[in-house]
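S.K.: My questions will all concern the structure given below.
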Protein chains: 2
Amino acid sequence: MSELAIAAQKLDAVDELAGKRAEFVLDTASDRAADAAGVVYLDGNSLGALPAVVPGRVEDVVRRQWGELRIRSWEESGWWTAPERIGDRIAPLVGAAPGQVVVGDSTSVNVFKALVGAVRMAGEGRDELLVDATTFPTDGYIAESAARMTGCTLRPVAPADVPGALGERTAAVLLNHVDYRSGRLHDLPGLTAAAHEAGAIAVWDLCHSAGALPVGLDEHGVDLAVGCTYKYLNGGPGSPAYLYVRRDLQDRFDSPLPGWNSHAEPFGMRTGYEPAAGALRGRVGTPDILSMLALEAALEVWDGVPVEAVRAKSLALTDFFLECVAAYVPEGRVVCVTPVAHEERGSQIALRCDDAGDVMKRLIERGVVGDFRAPDVLRFGFTPLYVGFADVERAARVLAETLA
Amino acid sequence: MSELAIAAQKLDAVDELAGKRAEFVLDTASDRAADAAGVVYLDGNSLGALPAVVPGRVEDVVRRQWGELRIRSWEESGWWTAPERIGDRIAPLVGAAPGQVVVGDSTSVNVFKALVGAVRMAGEGRDELLVDATTFPTDGYIAESAARMTGCTLRPVAPADVPGALGERTAAVLLNHVDYRSGRLHDLPGLTAAAHEAGAIAVWDLCHSAGALPVGLDEHGVDLAVGCTYKYLNGGPGSPAYLYVRRDLQDRFDSPLPGWNSHAEPFGMRTGYEPAAGALRGRVGTPDILSMLALEAALEVWDGVPVEAVRAKSLALTDFFLECVAAYVPEGRVVCVTPVAHEERGSQIALRCDDAGDVMKRLIERGVVGDFRAPDVLRFGFTPLYVGFADVERAARVLAETLA
């Protein structure tokens, strides 16, 4: 056994989160069919693994709540209040006090709500939107639409250049907390403060950070934020996203999608729109109950897990992966595009190589599942709740063999 | 046994759709616990009953597709193409050829896409939106937002007055095919033709008609349409809605929510937005797979069911309910607000009485489940796939006893 394999065993033995792995469906017969050694799943930053509690809960929602109680479940099974109840469950994971997060719709739709809402909160004469030039594409496309529909100009800016680009015409800035491709962690406290200094609204996309590291929305005075729930929060494929509106801004939040669920009295069936108070002003239409309650069950794995412990293990995993890659992979064969500094790293490692698409295919065939992001990036996500150090060592070893 | 009870038995005996009831979860232990005689479920126009095929399918989606295949399911389990595939499954139910319907998001979000898209298709100088003054509220709220964000004026008009209100400034008109409260069926062919004569775009909300009667979108030249899937389509609580864009308008459809799923090459991860061709231009973010595939299973009950047969039974059911109500309920105690003429009736009967809220509570306690719509309407929905004539007779009888 190699030195690194022994080191991995020792690290796993003292891992306080190691027991959490048993709360997920992993090491299945399908995994062993794919590779005799099973699968190392490093794609939880795209689709989180299935929490073991979910299937039973979904079965209850379908068979009993829908099948037997039917319409009564809107009240009796708590369907109607699910968006804000589950929002409150996500809140501590992103450093938010209750009453500021609401679940529903896709991330893209929430980006639209947040950006239009931000422009409407901004002061007179502010007609420019800044957007992370390296953003996950949907944020950029939606920002373009939000700008077009609010009479703003959209200006893509690299996150590092945002402080210099902010000015008296900036209405809002939309940034990704962790870059989906490189895994770079951006400076949320600093960039939020810079936006505020310029009198602009700071909107953050937490898709690649929530559930992997502390976000501190309240602490750092973030104005609006959105995120998906199917990556590190393990909510299931396409599970509903969430919207955070800071409490003191909620009365000024003027949604471009004022569906009946955000009405002060939705069952009053009134002709005139009057927005509800609080986070549920961010709701739109009838909530998607099956997906939403699967997410609610999935969030139970977080009970008693401090996000700081998750962050510590995440950094240890990615440090160890870099160490193993340095030891196993011939120098120059891959270039790490994820920053080495802890304060600039999310919970993934992105390696660039010309034949990344092909390499990832062969890795997956050998039971190491990451993903490929065009044109040349191998992406490995490390979910601290279910990835161990032996997984990391094996992934690096198989990567080296594949690249050889 | 009363004459009407005997008549009901005879009608049930010759009902060609009677066998469909066995494909739904009804007459459960919970129903018998609520009332010894079981439950008459006349609220399928709010939440359709559970099709028996759904629980097993959802279990497969959760345990195998998500739990075992994980990320591979986006391709291997057909997750990625679900929105357009399921759209094509809904298409024949609304009279649309394939390639024009896409599933995803809530009805409210789709109303926004459709209306903004309609205004952008309308000719120069058209800056007025007409909306059904009696619409389900969310359509009105969203129409107000769409008007505000496109520089249009919003004008609420009773559907009957639409022809007179259309003019050279009308960009689009948004109408409900069946009124959610009264159950009135509006003249889709006539109003669409009137809109077109005035050079305006016709947008229809099919929430209360799809799955209950023929819609004929293609035949009548409707431009855009939206609908939910949890009423007569039985997709489950808050299941995703759909958007229809007529084929020859798709190239001009300019969505206000251009999420990455509507990009011509979504995995190209390009900075610039380039819309996909066809119906999938109406997609936005990552599709909500659990709810979407539950819907796909639910649609299987439609195999071999002509919507014309559904319509014939629906009218027979509502005719019979009116006959029973007339026979059992003291004259003047309720006023029927649903039109008697078949060509003006959807698949529900709405009865007005001052104490409707209280009456509905007592009806539900006695196992007859309809719903209450403020301020004074008792609403009874008749889903031809699982409601029989004996159900109808019992509902009217219990209603009469409750009102006495």
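Every residue gets a Cβ built from N, Cα and C, even glycine.
Per TrEMBL, the feature pyridoxal 5'-phosphate binding site maps to A:THR107, A:SER108, A:PHE136, A:PRO137, A:THR138, A:ASP139, A:ASP205, A:HIS208, A:TYR230, A:TRP260, A:THR286. Look at TrEMBL and you will find A:LYS231 tagged as N6-(pyridoxal phosphate)lysine.
Provide an account of the burial state, proximal residues and distances for the features listed.
M.R.: A:TYR230 (pyridoxal 5'-phosphate binding site) counts 26 other C-beta atoms within 10 Å of its own C-beta, drawing on all protein chains shown.
Under 8 Å, Cβ to Cβ, and six or more positions away along its own chain, A:LYS231 (N6-(pyridoxal phosphate)lysine) finds A:GLY44, A:ASN45, A:SER46, A:LEU47, A:GLY48, A:CYS207, A:HIS208, A:ALA210, A:GLY211, A:GLY381.
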S.K.: Between any two of A:THR107, A:SER108, A:PHE136, A:PRO137, A:THR138, A:ASP139, A:ASP205, A:HIS208, A:TYR230, A:TRP260, A:THR286, the residues recorded as binding pyridoxal 5'-phosphate, what is the biggest Cα to Cα distance in Å?
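M.R.: Taking every pair of listed residues, the largest Cα separation comes to 31 Å.
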S.K.: Just to confirm: which same-chain residues, 6+ apart in sequence, have a Cβ under 8 Å from the Cβ of A:THR286 (pyridoxal 5'-phosphate binding site)?
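M.R.: Correct list: A:ASN261.
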S.K.: Among the recorded positions A:THR138, A:ASP205, A:LYS231, A:THR286, which sit with their Cβ under 8 Å from a Cβ of chain B?
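M.R.: Filtering A:THR138, A:ASP205, A:LYS231, A:THR286 for a Cβ under 8 Å from chain B leaves A:THR138, A:THR286.
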